[in-house]
Every structure is written in structure tokens, then in C-alpha cells.
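What follows is a single structure, written as C-alpha cells, with notes after it.
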Amino acid sequence: MATLVAPVAYGLLNVVSATGIVFANKAVFSVVKFSFTYALTFIHTLFTLAGMHVFLRFGIFERKTVPRRKMLPLAAAYVGYIVLCNLNLNLNPVGFYQITKIAVAPAVLAIEAVAYGKRASPAVGGAVALVCAGVGLATVTDPQIASNAAGLGAGFGSVAATAMYQIWAGVKQKELGLGSMQLLHQYVPLAAAMLGGLVLLLEPVGLLAPGPGTLLGFHYTPGGLATIAVSAALGLLVNLSTFLVIGATSSLTYNVVGHVKTVLILSGGVAFFGDVMPAKKMAGIGVAMLGIIWYSHIKLREAKMTASAKLQLPTATLATNRLGERAGVLSSVDLVKRRQLSASPEPAGKV
């Protein structure tokens, strides 16, 4: 029973923080009327930068340094992804924002196919087609979205930017041998510097004339400042809880948690922010959810098969080497490989 406490606590923290940040950010834009997207993203990134130093100090991850120039493209991708996601939430209802999150999986597959020549299996293609059909149905039947050209542009722009960021982050992790927290620790300072420059260039800061409608002339209330601070703190907690959930549970559990968050965010959009949910839009969301659940199931099954094949490979290699040794044809290279495998067995129970 005690062993279940930590995973359940981490899962709850992830659900609360990931759903809470969507509602907090929407409240910043819609209730507080703080519409400075670059500035809010900059504040979030500064919180994350400070938090990563605290996590490092408490030993949550180990420091690993890489040349900054290798981090520049990923930092730029992060800035584009997070700014467009916040702009998407600023211009659109919560429900459409979450629909675009569902659409990221098909976008990743499309980019990998075009840019890297990676082809998906027919089953994955079917699941992605179902997701796309659901997203299309939910979008064209939503009266709050169909006539909002700027919102549609921000929404689908955030889909493309998020997909590119996820792909590049995965590539960099493998290339540099970094964990997710180590990678974030390396590129967040660069991202903060970029966002600081974008705030000065693109936001109406009001350095010379801090009037209404400018960042310096905005009417800050204690409640508004608290909402902004809560949204920034929740952003940091999302990163921490995601790291903890993945470390303490399985990929299946993390995917289930993700589906729970989707349902809660869609429900919260209707309950707290007045999102309309006509029958056709609800049907589209349902179809997209079925597609993403099917997609998750297929990817988990493929990952399990790959892991099983890797576990069987050392055993097969040792058996082949022993047969060769008995026949007197084992090469010196094969002997070295066999000794390395014998000296470094896989930990018991490792999957």
C-alpha cells in the first residue's frame, strides 16, 4: 500500500498542475485582462529558470553541461512553441485550445514522414485519421471558432510549433545523452534571454509613455498579480510532476493521466469560461479522443515489442557465441563482446 502513495501523489500533482495552468492562464487573459502574451511567457520562463536551479540544488537531477550553441535551435523552438500556445489560449476558447493539443500527435507523424522519411504503420495511420476527422468536426461546427481567422491561425500554428519542438527535443536528448530535466536546465536560460528581447521589441512596454494598454501602465491589482504568479508556479509544477510521474509509473499510466486531463480541461472550459458545447462539437471531440486513445494503445504496444526485442538480443548473442566457441570458430572480437555481456548483465526486473 505504501508503494502506491508516491505514484498516486505524483499523478494527482500532474493532473492538478496541468489542468490548473490552463485555467490560470485563461483567467490571466480573460479575467485579469492581462493580454501581453510575450510578457506572460517571459514571466513563466523566469519562474522555470529559478525552479530548475532549486531542483538542481536538491538533487532532483544531475548537472550536465553542453555547449550553448547546440542549445540555440531548441531554445528558439521552445520560445515559438510556448508563445504560440499562450496566444492560442488568449484568442480561443479553452475547448478549442485542448482540441489543438490533441492534434499534435498527427502533426508529429506528418513532420517525421516529410522531414525524416519515417513511415507510420497502417494502424497508426488509421488512428491518426480518426483524430483528424474528430478535430475537423469539432472545429467546423464550433460557432466560436469557425469565424475566428486569427484564432484558427494561432491554434494550428501552435500545433505545428509544438510538434517541431517535441521532435527536436527528442533528437537533442538522444544526441547529447541528457534527461528531460537536464535538457530543460540547459536551454531555459537562452529561451529567457530570447523572450526578454521579444518583450522589448513586440510588446507595448510603455518605457517613454506608460499609459493604458502598455505593460508598465497596466492596472495591477493584488488579485491580478496573484493570478499571474499562480500561473507561473503551476508551469514549473507541470515540469516537475511530469518528470516524477514518468519516473514512478509506466507509460500507460502517464497516457491515462493525459486523457483525464483532457476531459477535465474540456469540462472546465464549459463550467468556468462559458465555452459552448453543441452536440456536433461534442461528437467531434469524442471521435478525436477515441483516435488518440487508439493511437496511445498502438504506440505503447510498439514500445513494449521493441523493449522485448532488445532484452532478447543479448541472450541470442551469447547463445550464438557459445555455439561458435564449441565449433572452434569464435573470433577474438566475439570473445571480447561475450565477456562484456557476461560482466555487465541487465538488472533483474528491468523492462
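Including glycine, each Cβ sits where the backbone N, Cα and C put it.
TrEMBL entries are annotated by machine, without manual review.
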Select from 8-33, 34-59 the stretch of residues annotated by TrEMBL as transmembrane segment.
-> 34-59
Can you find at least 3 Cβ pairs under 8 Å between the transmembrane segment (183-202) and the transmembrane segment (34-59), where each pair is 6 or more residues apart in sequence?
-> yes
